[in-house]
Amino acid sequence: MAERYLILEDGSSFKGEGFGSSATTTGQVVFNTSMTGYQEIVTDQIYHNQIIVFSQPTIGSTGINHDSYESILPTAKGMVVRDLASISKNRQRRLSLDQFLKQNNIPGISGIDTRYIIRKLRKTGTIKGSIVDVDDDHAFDQLHATVLTNQQVAQVSTPKPYPNPNTGSNVVVIDFGLKNGILRQLSKRDCNVTVLPWSATAESITNLDPDGVILSTGPGSPFDLPETVLDMIREIQSKVPLFAIGLGHELFALANNATVTPMLSEHHGANHPIRQIITNQIIFAAQGQGYAIDAKSVDREKLIITYVDLINGTVQGLRHRDFPAFSVQFFPDAAPGPDDSLDIFDEFTEIMSTREE
Amino acid sequence: MVNQIHKVLIIGGGHTDIGHETELDGVIYQTIQTFQRLGIKTLLLDNNPYSISLESVQPSNMFIQSVTVDNARNIIEKEQPDAILPTIGGLLAIRVTQELLETGVLGENEVRILGMPPLALQQISNPALTQQFLTQINQPVIRSQVVKDFDDAFDVLRDIGYPVIIKSVSPWGDANRQLCENEDQLDSALESGFEQSRIHQCVIEQSVVGNKEIEMVAIRDKSGTKLLISGIENMDPIGIHSGDSIMFVPTQTLTDREFQTLRDATLSIIQALKITGVLHTQFALNSETHSYYVTKISPYFDRSVSLAAKATGYPLAHVIANLATELQLAEIKLPDNYAKQIALMEPTVDHVVAKFPLWPFEDVPSADDHLNTVMKSVGSTIGIGRSTEEAMLKALRSSQLSPKDVLPQIKLNDNELIDQLIHARSTQIFALVEALRRHYQVDELSELTKIDPFYFYKIKHLIKIETETIANPMDAKTLEKAKYFGFGDGMIAGMWQVSIDAIRTFAKESQILPTYKAVEPTAGEFDKVSTIYYSTFETENESKKLEAKSALVVGRGGNQLGPNTSADYFTVSLLNQLRKADYKTIIINTNPNALSLIPQLSDKQYVDPIQLGDLLNIIELEHPEVIFIPGNRHYLTRELKKRRLPVVVLPPDQEAGVELSEQANLELSLFVTDDEVTPIELVRLLSGDHSNQLDQVSGFKTPPTLSEDEQNLIITQAVAEAKKRNLRGLVQVLFLQSQDQVKFTGIRPARLTEIAFLNKVTGVNWIRILVQQKLGLLSPDSLATFKLNLHPDRVVLMQFNYPFNQLRVKNQAGSSQQQVGAEIAFGSTDEIARQELSNTEQKNK
C-alpha cells in the first residue's frame, strides 16, 4: 500500500499507509473511543465531513456485515487507524473494509500513532485535517484554504419521503442524518414508519396523523439549520408525542430556549457513565456530540433534565413538563455501543399507545 | 453500611497451583490495604509461605493454617468477625464459605457474607442450581442429561441433536469425554460409557466444541450500577481449556452486535445474582449462527479477572474491595495515582494485550502435552502492543525460556504437522507458524483448528515481515518495520548475523527509538492516570525519566514450575526495601499475575519482554542508579555487567566459594558480613523419596530433631566453613546426617524458597537485611540482638506442592524444581504440624 500522510491544521504531519480510496480528503478530525463497531461508526451520517480517528487499534477484523450498516451510503471523509486488518466475512468473502472504503470513495490511513493524535486533539479541540500523498506546503495551504460545508444535514437527509410499513404505531421520523439503528428499534416494535426530509413542515407531518414523531440524529451544528426547523418542533411537541435524539435533542433544546454551545473537542465513545436522574441508575450508551446543552440555561419551568454525563457534566436528556416530549443526547439505539438504554424506545411506544386509545 | 463492618475474615486461596497463581495473593494484599483505609480490621486465613498478604496484617490477625472449614470455623468462633469475604481466595474460598453457610456456622455467629448474597453462593456452588438459575433468566445453557440406557440416550439426542458429548457418571477410573457426531460414534461411546460407570449411567451433553470461547468481566455495586471491565477472546476454540489458550484483550474478532449481546448477558447475570463485586462469565459463541451459550459463571476473582485488570489498567482490586463493603461506585475513593472518575468509567483501551501460556513439560517430561479441557499451563506472559502482531510477538518472546530472544522452530513432517493442527499440543503456536510457512491455506487451517482466520492473517503478516527482514540486512526501513511489529533486537541480530549492539547502534543512528505508552483505561481522556507503560515504536513517548534516584528491579517473568512464586515474593520484598531506602522503584515484568506488578508496590511498571534489548531501552531512558536482578539470570547479568551497568544480583550470585555434593538433609542458614557470621536457623531438608538428594528436596522442617551436641557441632563447623570463604549475605551450610554422624557436604548462597521460609520462621525480613547490606546501609550491630532460637516447642513445616495429579502423572516423588507452590504449617508438635498439611491434601482430593 502507498505511503500517505495525515496532516493537521496545526502544522503536524504523520506518515502512514493509505487504504481505501486513494483520493485526497479534508475534514474535521474527530476521534471515537468505542471498542467495537467500526462499520457502524464509519457508516453513521453524523460523521459527514469528518475524518475519524479510532482509539481501538485493530480495525477491520470483522469485515463488512450486512446487519452493521448505519446508512447505506457513508459520508465520512476518512478513517485513521493504527492497525488495519483486511478480512472479508460475508458469504462470498468479498467485502473487506478496504474494499468497502474504495467503493465508497473514502480514504483511510493506517500505521498512525492514533493515541498521540487523540491526546493532542483533546487539547487543541476539533481541528481540520487531510489525508494526502505528499505533506508539502501546498498540501497545508490547501488544507487551510478548504472551507467545509455547513449544509451537512441537507446533504445527508433523504430528499424524498419514504415509508417503512408495519402494523403498529404510526411514527414519523424526521431525517437529519438518520442512523439505521433508530429504524431498527422501531421495526422491532412493529412501528409503521414514514421518514420525512429534514425540512418537513409541521403541516406535512400532522397530515400523516402520526402517533409520535422522532427527530433523528445527524451531523454538524444545530445552528446551521434555519429557524423554521425550531418552529416545526415547537408546533409538533404541543400536538404529538415527540422523541429527539442527538442533533434532534440539540434542536429540541434550542426550540425550548436552552443554550447550546460547542465543546472543545467532540466526544465520541461509550465509556462515560450517564446518570438517569429519576432512578439514580447509571447507564452506558454510545455518545457522539460536538455540542452540549448548557444546564444553567435550561428553563426548569418548562424542561426537566433527565440524564447527565458524570464525567463532563453535560446534559444528556430533557423532558418537557407540559407535553409528552423528551430527548436524549446519546444514542439509545446503540449500534455500536451498549444496549443499556434501549428501553427508551419502549417508553416512547408506550406513550404513543396510551395516546392512541 | 460500612460502619456496620468492623472486622472481616478473608479466606485465602492456599498454595499456588495450576489455575491460580499469585494473583489471589495480590488481590488479597490490595483488599487489606483498602480495608485499612476504610477502618476495617482484617483477619486472614492462608498457608502460602510466599504470600505478601500474610505479612501485611498484624501477627495477631494472621492465621497461618490450612484453608479448611474447621480452621475457618475456629477463627469465626473465637474472633467473632462481622463478615466473611469469600470472593478473593479462588474456588477454595468459595467452597469453604459455602460449607460454613450450609452448616450454619455463619448464621450462628452472625457473620455476613460480603460480595454476594447467600442465595448466589448456593446457586453458583451447585451445577444443577446454576443451570436452573440461568434458564430462569433466559440465558442459554448447554443442555445435558443423565441417561440410564440407550433408549433414554436417543430420546435426549432427538431433542438436542448432534454433536453430543458422552461422559460416564462416577466412572471406575479416569473416563474421557467422548465427542459423537453420528449414530455409530454414539453407540460405541454409550457402550463404553455405561461400562465404565459404577452405576451404569452416562451424561449426554450438547457439544459446543469448536465454538469461539469469549469471556467477560463485569462489576456491580449494591445500588445496581453495572459496568463491563473487559471482554477477553480466546484464540483457541471451546475444547481447549481457556487457561491453556492464547488470549487477547480486547476481543479481536467480534462484531459490535456479538460483543454487546455478551455484555448484556453478563450484566443481566450479575444483576440477577445481586453480586456486589466482580463477575467473570464464559461463553461459547457461534459466529455462524449468531448464537451463544453461557458455559461458566464465576463471581469471584480469578486469573481472567486479573488479566482484565492488568490489560485495562482499571483499579479493579481496589474497586472490588470497596464494593464488597457495600459502597457505591460513585462513592469510591481511589489511591492518589488514579483520576477520581476512573472507577465509574467503562474501560476503553487503545492497545492490544496478548497472553501466552507457559508449560510444565520441561520439568515434568512424562506428562502428556496435548491440550484439552483439563488445564495444564502453570503460568503465562503478556505482551502489550499497538497492533495484534506486536502484542502477539512480544508475548511469545516473553514466553520463551531462552534469554537470547530467539524463537524455536519445530521439525515435523506433514503428517505430524497435520496431526498437531487437529490435536493441539503445547507447541501449537509453532505448528501454526510452520503450517503457514508451508503455505497451507488460511481457510483450510481455520477449518482444521477452528481458530478464526484473523489470527492466521496476523501470523502470516509476521512471517512476511520476517522474510523481508532476512532479505534486507542493515536496512533502516526494514528495521523500523520489524520493530514496529514487535521483533526484538535479539531476533533481528540473529537474522542479520550481527551483534545486538550492532543492531542497537544502527537503530539509534536511524532514529528508530522506542516510545512508551501508558496502560490506562480511558484511551487518553485523562492525563497521569497510570504508572504502567509498554514500549512500541511510534511518535509520542509518554514515559519520562523519574526525577529522583531510582532503582530498576528485573522481574521474573511468567511462572513456571520451580521457585518462581517465591521469586516474585522476593521481588516484592526487594521493591519495598528499596523504597524504604529512598529509591524510586521501577519494575519490568511480563507476568499478568505477578505481585510485583501491583501498581502501588513500585513507582513505575514496565510490561515488556525481559530480554536484553528491551531492558537496555528502559535503562537508557531511566538511568537507574542501581539495577537489581533477583535470582540467577546469568546471561542478562553478564551482558549488563559487560556494559558497565550497576548490576546487583540478589541473593548474591557467588560462584566462588560454593561447594556442593549431591546429598544433604540438614541446613544451617547464616548471615555473613565482613565482620561477623550470625547463625539464623537450622533446618531439616525433607525429600519425598528419602534419598537425601539435594535436587529431590520437597520441604523443610524446623527444628530438626538433633541432640544438643550435634547442634553445637553443626553450628561451630558451619561458622568455621563460612569464615574460610568469601561468601556474603545469606549463606547456607549443608550437612548430611546418617546413622551416627553428621558430615559437612556443602555451602552455597541461600535460595529463594528458603528465604521465604526463613522470613516466616524467624519473623525477620531477611530480604531487608540483604538489601541494606548491598546498599551499605546495614549497621554493624543490627544483627547483634538476633539469636538463633530453635523453639523446641514449635515445629514449622513447609512442603512443596506438585501438579502431578492435574497432569495425570503417577509415581513421581517431586523435586524443588517441580513445585507449583508450597504450604507452611505451624504446630506445637511434629504431628500437629503434619496434620495441618495433610488437612489440605485431604481437602484437595
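Easy rule for this one: first residue shown is 1, then count along the chain.
A Cβ is built for glycine as well, from the same backbone N, Cα and C atoms used for every other residue.
Per TrEMBL, the L-glutamine site holds A:GLY218, A:GLY220, A:GLY290, A:TYR291; the candidate it also names there, chosen from A:LEU196, A:LEU247, A:LEU264, is A:LEU247. For A:LEU247 (L-glutamine binding site), the count of additional Cβ atoms within 10 Å of its Cβ stands at 30 [all protein chains shown].
Sorting the domain 'Carbamoyl-phosphate synthase small subunit N-terminal' (A:2-132) by DSSP state (H, G, I as helix; E, B as strand; all else coil) yields 29 helix, 47 strand, 55 coil. DSSP gives A:GLY218 (L-glutamine binding site) a coil state; it is part of no helix or strand. Under DSSP, A:GLY290 (L-glutamine binding site) is assigned to a strand (E or B) in the three-state scheme.
Between the C-alpha atoms of A:GLY290 (L-glutamine binding site) and A:ASP333 (active site), the distance comes to 19 Å. Taking the mean position of the Cβ atoms of A:GLY218, A:GLY220, A:LEU247, A:GLY290, A:TYR291 as the L-glutamine site, the remaining residues of that chain whose Cβ falls within 8 Å of it are A:ILE46, A:GLN152, A:PRO219, A:SER221, A:PRO222, A:GLY246, A:GLU250, A:GLN289. The 10 Å shell around the Cβ of A:GLY218 (L-glutamine binding site) contains 28 further Cβ atoms across the protein chains shown. In this model, the region 'CPSase' (A:1-169) carries an average pLDDT of 95. The CA atom of A:GLY218 (L-glutamine binding site) is located 14 Å away from the CA atom of A:ASP333 (active site). Each of the binding-site residues A:GLY220, A:GLY290 was assessed for Cβ neighbours inside 10 Å, and the highest tally belongs to A:GLY220.
In this entry, A:GLY218, A:GLY220, A:LEU247, A:GLY290, A:TYR291 make up the residues listed for L-glutamine, with the farthest two CA atoms of the set 12 Å from each other.
Take the Cα of A:ASP333 (active site) and measure to each of the binding-site residues A:GLY220, A:LEU247, A:TYR291: the nearest one is A:LEU247.
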